[in-house]
Amino acid sequence: MKRRYFGTDGIRGQSNVFPMTPDLAMRVGIAAGTIFRRGNHRHRVVIGKDTRLSGYMLENAMVAGFTAAGLDAFILGPIPTPAVAMLTRSLRCDIGVMISASHNPYEDNGIKLFGPDGYKLSDDIEAEIEDLLEKDLNAQLAKSDDIGRAKRVDGVHDRYIEHAKRTLPRDVTLQGLRVAIDCANGAAYKVAPAVLWELGADVVTIGNEPNGTNINLNCGSTSPVALQKKVDEVRADIGIALDGDADRVIIIDENGSIVDGDQLMAVIAESWAESQQLRGNGIVATVMSNLGLERFLDERGMALARTKVGDRYVVEHMRQHNYNVGGEQSGHIVLSDYGTTGDGLVAALQILAAVKRTGRTVSEVCRRFEPVPQLLRNVRISGGKPLEDIQVQKAIADAEAELARNGRLVIRPSGTEPLIRVMAEGDDRAQIERIVNELIGTISNVRTAA
């Protein structure tokens, strides 16, 4: 069944435009609060946000919704998404909320929900919330004497700082390393530099002056040019680029080259396998991860399990099959020994541990495999279902047959935008470009005809 509100990572959209309005945010609070208001204990919700201008508006709306449903609301202010997941558990809350649109520009915002175990909600529970949102919620309001209380909680940043520091092996310090970090003017602008400094690094920070409208603006993991320049300027050993809510990371090596999530997963998998920390004898990634990663792992006797796009699906597969390393090419790295969702800072600390233990440079540590040529293009759609068209399906089948075992083809609708994503990869770059261009043309023709 097609969902109206939830996408691959919660609810997301332009602020003050449906569905990302204060009215819907309040209704989500009532609906989600109703579902998690079970048992006789006093029910609680923890609410965090990033640094977007609209965060204050949506935070107040969600506090109103949850307290109207009878839950006490713990308000955290700007804090990373993985910290919200961690605090949902440690504060014994029934549900956790992160108000963020991750790597999107400030005009957008979103709502991510976590269960009491710190994991993102399942499709089934999100469907329950959607079902309630379509009904009259007045019947779900708490009695007058059961309305929840709202409280701003102090000291939560220190809790997350200590949690992140504990993920670095105790025999490792960051002394002697110059680390440049770009906080994307986002949720980690205070905590990330503090963690690195307390672990001994010489820290150079950019993207740590949020003003409500500059989150992810020419900074962060999706725009690493500023960090590349800073690494060169200060001769840093490594650059760490987080996104707006700090659940993803991209590394810049000492030469200014970008290291994506696939390479980071390869480093962590190999390092953890050597220390016998790796579970499942492999890792979990999405269909978008490079074929080079799969070959790298296979050569070392490790497996790559693939899921559909979205870190929540990576986490679900990890939980079901006892893996402890997973992630996405985009830099969502999930290390279940340390958390329940992607954590850019914790992932970066594992890379720093490998650098310190081996005594090698970041470029030497992080270039674990040669990626095969990969091309991703998007087709914007305004309606219809072009992937169900017979001509498109035949073109896809022909392309898959041509690639055979020498490449891969992934075609899927975006979970957050009105786009169809076409990705192909293989050893022959010219072949890949031709296949993608032909498929784009076929899909565009069908869309135009419709």
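Even glycines carry a Cβ here, placed using N, Cα and C.
Feature annotation from Swiss-Prot assigns Mg(2+) binding site to Ser102, Asp243, Asp245, Asp247. Using a 10 Å radius centred on the Cβ of Asp245 (Mg(2+) binding site) and all shown protein chains, the other Cβ atoms total 35.
In sequence order, Asp9, Thr81, Gly110, Asp243, Gly244, Asp245, Asp247, Arg248 are the residues of the chain that are 6 or more apart from Ser102 (Mg(2+) binding site) and have a CB within less than 8 Å of its CB. Secondary structure at Ser102 (Mg(2+) binding site), as computed by DSSP, is coil. Among the features that Swiss-Prot reports, active site, phosphoserine intermediate is placed at Ser102, with the record citing sequence analysis.
What Swiss-Prot records for Ser102 is phosphoserine, and it gives sequence analysis as the kind of evidence.
Neighbours of the Mg(2+) site: apart from Ser102, Asp243, Asp245, Asp247, residues of the same chain with C-beta atoms within 8 angstroms of the site's C-beta centroid are Asp50, Pro80, Thr81, Ser100, His103, Gly186, Ala187, Leu242, Gly244, Ala246, Arg248, Gly342, Gly344. The Cβ neighbour count for Asp247 (Mg(2+) binding site), using a 10 Å radius and every protein chain shown, is 34.
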